[in-house]
Amino acid sequence: MLSAPAAVVTTPVSRHGWLLHAAVLLSGFAGLGYQMAWTRMLSVSLGHEFTAVLAVVAAFFVGLALGGLLLNARLRNTQSPLTWYLVLEVVIGAWALMLIFTMPHYNQWTAQLIGSQPDPLWHWLVAFTATLLVLLPATFAMGATLPAALQLAKTIGQTGPRVAGLYAINTAGACVGTLLATYYLLPSLGLNRTLILFAAINFGIAALLSISLRGAVNKNAASLNEHTESETPTGAAKPVLPLLFFTGFLGLGYEILVVRVLAQILEGTVYSFAAILSLYLMGTAIGAALYQRSQRAGPIALQNRFAPYAVDRFLLAAVALACLLGSGLLSQSQWLYDVVLTSLGPSNWSAMLAELSVASMVFLIPTLCMGALFSHLAQRASGNCGLGLAMGVNTLGAAGAPVLLGVVLLPKVGALTALVMVAAGYGVLTWLLPRRRFTWRYNLPVALGALVLFVLVAPLRFVAAPAGSQLLQYQEGVIAAVAVVEEPDQSRHLKVNNRFTMGGTASRFSDHRQTHLPLLWQGGNAEQVLYLGLGTGITFQAAQYYPKLRVTAVELIPEMISLMPYFGVDAAGDHWPNRPRLLAADARRFVVADTNHYDVIIAEVFHPSRDGAGSLYTVEHFNAVRQRLAPGGVFCQWLPLFQLDLSTLRSITGSFLAVFPNAQMHLAHYSLQQPLLCLLGGDGLKGFGEDWLQERVHNRALQQQLVQSRLNSDFALLGGFIAGPEGLRSFSQGVPLNTDDFPWVVYQAPSFVYGQPEPPAQRLLALVEQLSAQRGTLLASEQRGSVFDQRLQAYWQARDHFLAAGVGANPDVGIKEMIAQTRGPLLEAVALSPDFLPAYDPVLQMAQAVYNQDPLLARELLLALDKANPTLPDARELLARMFPPKFGSLGAEPRAN
C-alpha cells in the first residue's frame, strides 16, 4: 500500500529568485505578443479561411510541443541551465528580427504555392508546414523556456514545488502582453516595431540574467537535479501524461467553442478577441497561483493514502462542472453585454468593459479550475518525466482541438452540445485513474449538470430580429454562424454572427447598382470581372445582363454561397450567358495567388471594424489587386460610410491613392441612411464624354435593367461623382496609410462601433462639403467647358443641395411639416439643374400627398416646381388633373426615362 511522502519544504524567494520571476513574466509577455503579430502577418498569404487559421494555430502549438519534448532530457540533466535559458531567449529574439525581413518574401512564395483554388487538404498541409517551418526556431525555443526556468530556479537555491508558480507568472505575463499589445503597442508602433520591442525584451532578459545570476548559480546543481518535485512515487505517474494530453485538447476546445458563440454577441473587432484571450489567460494564471499557494504546507495529492488520486478526480470534476456553468451562462451573455453597455453609455472604454465582463462570466471560473488542474498534473509529472515532456504532451493535445472540435464537431452538433461534450470529457478522464470505484462520486454531479443544461438552456443561437420576423435558415459554419431572416414585409436579409447584416432583398436596387456602375464606368465592354466578396449574391447577380462577361467571385464564408437561393440568386441557372465561377476563398490570399487578369474588379462592402477586414484596405492589398487588372481595367472598392468615420475613410482613401493615383470617389445612390461610396481607380479611367451610355449599351435586356436601376442617362451614371485625385489627396492628408506593418484601420475602426457616432447623413454632408471645392471634372480634356460639362457641374451642385435638404429633415413628422422643412432646399436644387430628377420627384409626391388636406398648398407647390424647372411637363400635367377648371394641357413633350 502506498504511503504519503513527507512534505517538501519550499524555500523563500530570494533576490535572484525575484529576478528569475521577472524574466519569466517578461518572456510570457513577449511570447504571446509574438503569436498575435505572426498570426496577423501570416494571414496575408495563408488567408482567413478556417483551414488556414487552424493550420497556423496547430503549427504554433506543435512548434511549442517539439521544444518541450525534444529538449526535455537535456534540460533535466544539464549542469548549465542558465546557459540554456540565455540561449533560448536569444534565439527567440534573433529569429523574430529575421522574420521582419523575410516574412514578406515568404508570404509571396507561400501564396503562390497554395494557389488560387487549392484543395482543402493541400491548403491545410501547406499552411501548416509553412507556418511550422518559418516559426520553428522561435516556437521550439519558446516551448523549452519554462522547463529551463524551472531547472534554473533549482540551481539558484529555489527548492520545492515551483511548477505552478512559474507557470502562473508566465501566463500572467502573456495576459498582460495580450492587452498591452492590442490596446497600445500594435496601434502605436505597428507590427515591425512591436516585434523589435519584443526582441529587445528577449535580449534584455538574457543580458540581465547573465549579469545577475552567473555568480549565483548553485554549484551543487547536479545534486539538486536529483531532487524530485513529484508528489507521487514514480510508478504512480503513469496516468499523468494521457491526462495532460487530453486536458490540453479539451481546454483549448472549450476556448474555441466559446469564442465562436461569443462572436454572435461581441462586436467582432480585434479588441473583442483580446478581451476573450486575456480573460482566458488571467483565469489560468489565477488558478495556477492558487494551486501554488496551496503547496506551502507541502504537496496535497497524497494527503489521503487510501485515495491517492482524490485531488486529480476532484480537479477534473471541478473543471467539468465549471465548463457546464460557463456554457449555461453563455445564454445570458447578450443580456450582460447590453446591461453594462447601457449603464456606462457608448464609448471605447464601456465597450471594452462590457466585453471583458462577458468574457469573465463564461471564462473566469472554468479557466481558474483549468489552471489548477494543469499545475497539479504538470507538477506531478515534472519530477518523474520532466516538465518539458509534460508541457509538450499537453500542448500537442491542444494542437488537435481546433480541427476536431471547431471543424468536425461544431457544425454537426451545434455549440451547446459540443460544449457539454467537452465538459463530459473531463469527467470521462477520471476513468483513466486507478481505484475507479471512487469515480462515480465525482461524475454524478457532472452528469446531473449536463442534464440540467440540456433541459434549461436553449441552443446557443443569437439572432436579433424584430417582432413578427421569421428565422428561415441558420447554419453553424466553421467560420461563422449565418442566418437568413424574413421580415414581416416579406423582405429577407443575411446576418453573420448576429452582428453583421450582409444585405438582403430590400437593398436589391442598391446592390444591382454596385455591379452596373463599375462595369459602365469601365466602358461596358468588360469580358472578365472578379468579385471580392459575395454576401447575398444580389450584387453579382446583375452581371448576368452583360452577354460577354465571364464572372469569378470569391467569398470567405462557404455557407453564404449555399444560402444565395434564399435571395433569389441562382448561380447555376441557364439564364447566365456564361456560368459564373464561385469560390470559397479569402479575398486577400486569392488576389496574391491568382494569375488571371480582369477588366473589372469589384470589392464588395467589407465591415471595417470586423477583425480581419482591415487587411482588405491596405496598400499591399490594393497593389495586389492592381496586379490582377488587365490593361485598361478598373478597380471599384465599395465603402460603407454608414459603418466608418471620416478619419478611417481618410486612411483608406490615402492608401488607395498610393496605388491608384488617378482615383475617383463616387456615390452609389443618394440614400442618407446608408450612404455607399466607391473608390474607383485603374488605367481604364481616361475621361468620360457625352452620350457615354448611348454609344456603349446596345443590349435590350441590359437597357431595361438600367432603367430599373435608374441608370438610363449619363447624368445618372456620372451624377454620384464626389471628387477626383486632387480633392482626394487633400482630403486624406495628415492620416497614416493603412499598411500590413501599420494596420491603422484594424485598430481605429472599432472606435466607431464602440462609440456613439453622428448619423451617417451628417458624415456624408461633411464629406461632400469638404470635397466640393476641389471636385474637378470627369470629362475628357476636349469636352471640358462644353455645354455637357456645364450641365454636369450644375447636376452635382443640385445633388449637394438635395443631400443637405435631407440631412436637416425629420422623417417622423406630418406631410405639412415635411413640406415646410424641405420645399425650399428641394426647389433650389430643381432650379440649379433641370436634369436632377431626384429633387423634382419628391416635390411631386409631396404635392400629391398633401392635396386632400390642403389643396391650395398642393397647388402652390406645383406652381413653384414648374417655375423652377419648366422643361419637364410633370408638374403642369398633375396641376391640370388636380384643378381642371383652371389648368389644361400645355402640350409639353413627355418626360424621358
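Keep in mind that glycine also has a Cβ here, set from the backbone N, Cα and C atoms.
Where the annotation comes from TrEMBL, it is an automatic prediction and has not been curated.
Under the heading transmembrane segment, TrEMBL lists 18-38, 50-70, 82-101, 121-143, 191-211, 240-263, 269-291, 311-331, 351-374, 386-409, 415-434, 446-464 (among others).
The transmembrane segment (351-374) shares the most Cβ pairs under 8 Å with 311-331, out of the stretches 50-70, 82-101, 191-211, 311-331. Proximity of distant same-chain residues to the transmembrane segment (311-331), defined by a Cβ-Cβ separation under 8 Å and at least 6 residues beyond the stretch ends, is recorded for 239, 243, 247, 254, 258, 261-262, 300-301, 361-363, 365-366, 368-370, 372-373, 376-377, 415-416, 419-420, 422-427, 429-430, 433, 438-439, 441-443, 445-446, 449-450, 452-453, 456-458, 460.
Using a cut-off of 8 Å between Cβ atoms, the transmembrane segment (415-434) and the transmembrane segment (240-263) share at least three residue pairs, counting only pairs 6 or more apart in sequence. In this chain, the transmembrane segment (269-291) lies apart from the transmembrane segment (386-409): fewer than three C-beta pairs between them fall below 8 angstroms, excluding pairs fewer than 6 positions apart. Using the rule of three or more Cβ pairs under 8 Å, pairs at least 6 apart in sequence, the transmembrane segment (240-263) is in contact with the transmembrane segment (386-409). Cβ atoms under 8 Å from those of the transmembrane segment (121-143) belong to residues 31, 34, 38, 42, 45-47, 49, 51-52, 54-56, 58-60, 62-71, 87-89, 91-92, 95-96, 99, 102-103, 106, 110, 113-115, 388, 391-392, 395 of the same chain, restricted to positions at least 6 beyond its ends.
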